[in-house]
């Protein structure tokens with residue numbers, strides 16, 4: 001009877017827990033909407049809207065009007081800040097549009113500077129849409145390919161809403177939305193991207209919600225070319241260890257023109273070791289028509305390996321030292337035993353030898 005009672009209680013609490021967790025998930029999803037949205041609105045003839053992206057094709061120096069729609073879904077009046085920014089590449093391999101300052105050695109034209117005004121604070125009534133017009137000037141300086149940017153919209157001076165995660169941690173959610181912009185000069189040619197690896201450094205990298213040892217390869221696109229979606233595969237090998245091999249794959253990679261980002265490669269549960277390594281990084285378009293293969297040698301020092309192993313909570317493995325000390329101790333014991341055994345044999349031999357008669361010398 002007791003066993004049945006325990007099982008019944010267990011099932012009851014399990015179902016109750018599922019209901020509570022489902023309710024929490026629904027509440028979080030509702031909060032995640034931010035109670036507002038944005039959308040591209042019909043603009044000048046030079047502006048095409050393709051999958052939520054402004055694609056602008058005009059003559060150098062031409063002024064084009066672009067309109068953004070901001071929809072307030074809340075039951076109160078709210079203010080929003082709208083920034084026109086230059087595109088960069090996030091460390092997840094996606095274009096980002098939420099930075100007002102973007103730097104890259106290959107970036108010659110800032111999209112933010114081509115839009116006026118590029119910083120707006122707008123008030124939107126509850127349940128209404130506000131259409132905001134801005135003027136974009138096609139850069140006079142000649143360029144090939146596309147330059148990219150985006151409109152980033154977020155609530156102005158609102159406190160972040162807090163949600164509690166499964167482990168009890170308070171997460172503050174700040175929501176922003178972006179609409180991408182691609183600008184092309186009518187008289188210019190298209191340009192293919194050009195990828196290369198700048199440097200590879202050891203680091204802590206995210207892996208299944210946990211920080212693990214690994215490396216970050218800084219990858220650059222030095223041209224105004226852009227591929228919307230690529231698959232990638234990274235392979236790390238060690239020059240003096242043929243058994244060492246680590247692979248990392250990602251899909252949906254889109255590197256913005258004239259930008260760089262850190263491509264993370266996790267070591268998994270393996271500890272980091274000093275040595276000379278090689279990285280082979282392959283990008284392919286989703287249709288497998290185009291591909292790029294990047295190669296880079298790099299070195300991890302003893303100090304770097306020890307530092308990141310410690311930060312990741314990996315304790316040094318002293319098993320080899322214990323084995324070596326055990327072998328050394330065994331050798332000492334055996335050597336001492338052989339020495340003592342020989343010495344005892346010598347003593348016994350000396351004790352068992354009969355006394356020889358002494359001969360007198362004749363005079």
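Every residue, even glycine, has its Cβ placed from backbone N, Cα and C.
Since we're looking at a predicted model, the values are computed, not measured.
Annotation source TrEMBL lists signal peptide at 1-24.
Under DSSP, the residues of the domain 'WxL Interacting Protein peptidoglycan binding' (36-154) split into helix, strand and coil as follows: 4 helix, 64 strand, 51 coil. Residues or ranges marked as domain 'WxL Interacting Protein peptidoglycan binding' by TrEMBL: 36-154.
If you look up TrEMBL, you'll see 167-310 marked as domain 'WxL Interacting Protein host binding'.
According to TrEMBL, the feature transmembrane segment maps to 319-340.
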Practice task
Take the domain 'WxL Interacting Protein host binding' (167-310) and count its residues per DSSP category (helix H/G/I, strand E/B, coil), listing them in that order.
Solution key: 9 helix, 89 strand, 46 coil
